[in-house]
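Structure, as structure tokens:
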Amino acid sequence: MRPLFIRRARQLVTLAGSSAAPLVREKMNDLQIIENGSVWIERGVIIAVGPDDELAHRFADRIGEADVIDARGKTVTPGLIDPHTHLVYAGSREHEWTMRLRGATYMEIMNAGGGIHATTKATREASEEMLYEESKRRLDLFLLHGVTTVEAKSGYGLSFEGEIKQLEVAKRLHDTHPVDVVSTFLGAHAVPPEWKDDRDGYIRLIMEVMIPEVSRRGLAEFNDVFCERGVFTPDEARRILEAGKAHGLTPKIHADEIEPYGGAELAAEVGAISADHLLRASDEGLRRMAERGVIGVLLPGTAFFLMTQAADARRLIDNGVPVALATDCNPGSSPTVSLPLVMSLACLHMRMTPAEALAAATINAAHAIGRSHVIGSLEPGKKADLAIFNAANYMQIMYYYGVNHTEMVIKGGKIVVNEGKVCI
């Protein structure tokens, strides 16, 4: 592989110096920007970052052997990272979206055959090959929007066979697609209909059968639970998360989306790497999260699509909670693959600054999936994952909302998107 020399970026947004701990409070606005910046890459790794004149002098005798990318007038950032998706599923639910727009309640949609169980049915019935192809198309779209790493949850199988199938597809995507896929087991996404009269039996199935097998096969790094009234209680979630820890799976938690339910407190108690949603988290829960360094992953696209109030990002940031952003890509409440759009929504609906939003979609997102030592910032020794945007500065990526400014994506030192087209 020839060296790669990215030169003369109008803004090179490095986010350097935050690999050991996520950015919090006012530090989220310090993006470590280099004007007229350049990056030298070899064998998929960043070798040097700095002003163009410095790197041009340092590598003067080697420029002839490198592939040179002229980034004049453009903004270069770390590859974007999506730390909360439900990437692998079958089918879509636009019909229930129409029902919701006409005033139908969630229970009315469920009773009409919609909701999560509709996706569970479609995902169970889909072949592994069909799931792979459908999910690969979504992953291509993530890549086209500057995303180089995604977290992917199971949770639409809700059976031993179904959950394993989803995770096997996620692993295959990771092995075959430029985008890195980091897998999370979410067997505790809901209680499936066939277990509605024996929910504790389903919980035991998760703890005693699913988790050990997922761990044995190396199909996931994280174990997630949807902790919400009517889904899984804090006590049930604690049992499931502790069972995962016993098998080497790091806890994550869907927390306090609908009402204050102790999810944020539980995340701190069990040492979760992240707590996600947090629309209704208590002040005490946020205080404990900040003390334990639990990342708060916010999902403004979900609130936007459901036409509800978004999480109070300013409250989290002011409490010292490290904040990350994610699409929550899923067919029911956030059918989007555009992390830049989510960043715009974070500014418009949650009053985050553009700098905070970019930090939340890069280095803090890397912390939320345990990858801050290798991705999330542009520093020597890190993996060469970068996005080049046709934007004069990083703010324009979000300011011109709904526009995909991604011109080029580099993954592991290889150009995988060029002029808005995937070139795998």
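Note: Cβ is positioned from N, Cα and C throughout, glycine not excepted.
Together with His84, His86, His254, Swiss-Prot lists one candidate of Asp197, Asp312, Asp318, Asp328 for binding Zn(2+), that being Asp328. Per Swiss-Prot, the 4-imidazolone-5-propanoate site holds Arg93, Tyr156, His189, Ser333; the candidate it also names there, chosen from Glu26, Glu257, Glu265, Glu269, is Glu257. Of all the binding-site residues given, namely Arg93, Tyr156, His189, Glu257, Asn330, Ser333, those whose Cα is no farther than the 10 Å limit from the Cα of His86 (Zn(2+) binding site) are Tyr156, Asn330. In this view, the densest Cβ surroundings among the binding-site residues Glu257, Asp328 belong to Asp328, judged by other Cβ atoms lying within 10 Å. Counting other Cβ atoms within 10 Å of each Cβ, the lowest count among the binding-site residues Asn330, Ser333 belongs to Ser333.
DSSP classifies Glu257 (4-imidazolone-5-propanoate binding site) as coil under the three-state reduction.
The full span of the recorded 4-imidazolone-5-propanoate binding residues, Arg93, Tyr156, His189, Glu257, Ser333, taken as their largest Cα to Cα distance, is 21 Å.
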